[in-house]
Amino acid sequence: MKPGNVAEYREAARRKLPAPFFHYIDGGADEERSLRRNSEAFGDIRFNPRTLADVSRIDTSTQLFGRDVAMPLYLSPTGMTRLFHHGKELAVARAAAEAGIFYSLSTMATTSIEDIAAASGGPKLFQIYIFRDRGLSREFVERAKVAGYDALALTVDTPVAGNRERDRRTGMTMPPRFGPESLLSFAMCPEWTFNFLRSPDFRLANVAHRVDALAGGAMGIIQYVNSQFDPAATWEDAAWLVREWGGRFIVKGVQSVEDAVRAKAIGATGIMISNHGGRQLDDVPAPIELLRPIRDAVGPDMELIVDGGVRRGSDVVKAVCMGANACSIGRPYLYGLAAGGQKGVASVLSIFRSEMERTMTLLGRTDIASLDESAIASIGA
Ligand code: FNR
């Protein structure tokens, strides 16, 4: 039976993917408390529905990062997508463009900035890090400009990788150390294995040219990139990137009111309130819990995105009612991709859209402008 919600797509992805790759997507850091809390926090919010409100027409369209979009939802950047499906980032970007929403390309992608731009005319964002070699960051800014990306997002929550213990257990380490159980899981997923053997084009496409000189193939590149994350980076470096880019600039990974205020002060136009999907520091607030205090602190004009734990269209509606411009999702579209390639991503997006429309209908709110605090009854377990 075709999956009908995100949880069912998660199960479909579990069946399709070798265990190390499924758990790489699915897992979080340490005790995975933030991973769970990100979703559960949405369940603590209750609606205040209105009836007999002429809900014969529902319009989810809005504006984001200077573009018209079909709904207040988009796709967060995720690295190494080739591991999850041979359609890789191209399949995801095309599904996003068809759905009329933003796609975000990660620095750690397996498709290049230019190839995504050539394949998709939809709204696009490029996600960058501050590298030890500032020339590498500057090079990415230039490439994204030339390729016509609409916005740049700087990820700030990854001075080191989080402690993801599922990856240690499955051998999804650098270099990989797949034990007998993991190897058996490859044999149990013949479709994935066949497709990988047919085109084993795993390559960190945006940085490969930098390390062509280095021997060691894909693993050498990943090690190189990780060694390039600069733990000494500061807000001055972020301000420098804002100036270099000169357009819509989003700070991704803000988890405190103080940092939100700082992001505004350096000229960022948007914030992705995010704990990297519970993959970095554990025991931090869920992004949705930070939304109201951050909106109060930065005022009405900054674009605020709730990123993490969004699994239903109703979650998106709640976030917009509470002051978000949009939500973004990571795992849900990767489950769709693993389960069914571009069609799987498209199906996940159409599920979100119809859930959003149904929620708005039942709430008595017909468009995005009518989603405000009056539609929220209470928050609390
Ligand atoms: C990520 N995320 C991420 N973020 C980023 O800025 N650059 C990256 O390369 C990646 N890579 C990545 C890989 C995988 C497999 C996952 C699951 C996540 C984090 C991502 O952008 C987003 O913040 C979270 O996925 C949001 O949480 P949900 O929607 O997955 O709960």
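Backbone N, Cα and C atoms are what each Cβ position is placed from, and that goes for glycine too.
The secondary structure of His276 (active site, proton acceptor), as reduced to three states from DSSP, is helical. For His276, the entry in TrEMBL reads active site, proton acceptor.
Taken from TrEMBL, the feature glyoxylate binding site covers Tyr24, Tyr129, Arg164, His276, Arg279. Within the same chain, the residues at least 6 positions away from Arg164 (glyoxylate binding site) whose Cβ sits under 8 Å from its Cβ are Tyr24, Gly27, Gly28, Ala29, Arg279, listed in sequence order.
What TrEMBL records for 77-79, Ser106, Gln127, Thr155, Lys252, Ser274, 307-311, 330-331 is FMN binding site. In three-state terms derived from DSSP, Gln127 (FMN binding site) belongs to an extended strand segment.
Under the heading domain 'FMN hydroxy acid dehydrogenase', TrEMBL lists 1-381.
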Among His276, Arg279, Arg311, Arg331, the one of these recorded positions whose Cβ has the fewest neighbouring Cβ atoms within 10 Å: Arg311
Integer Å distance between the CA atoms belonging to Tyr129 (glyoxylate binding site) and Arg331 (FMN binding site): 20
Site with most surrounding Cβ atoms, counting all protein chains shown within 10 Å, from the binding-site residues Pro77, Gly79, Gly309: Gly309
Distance [Cα-Cα, Å, rounded] between Pro77 (FMN binding site) and Tyr129 (glyoxylate binding site): 12
Extent of the glyoxylate binding site in Å [max Cα distance among Tyr24, Tyr129, Arg164, His276, Arg279]: 21
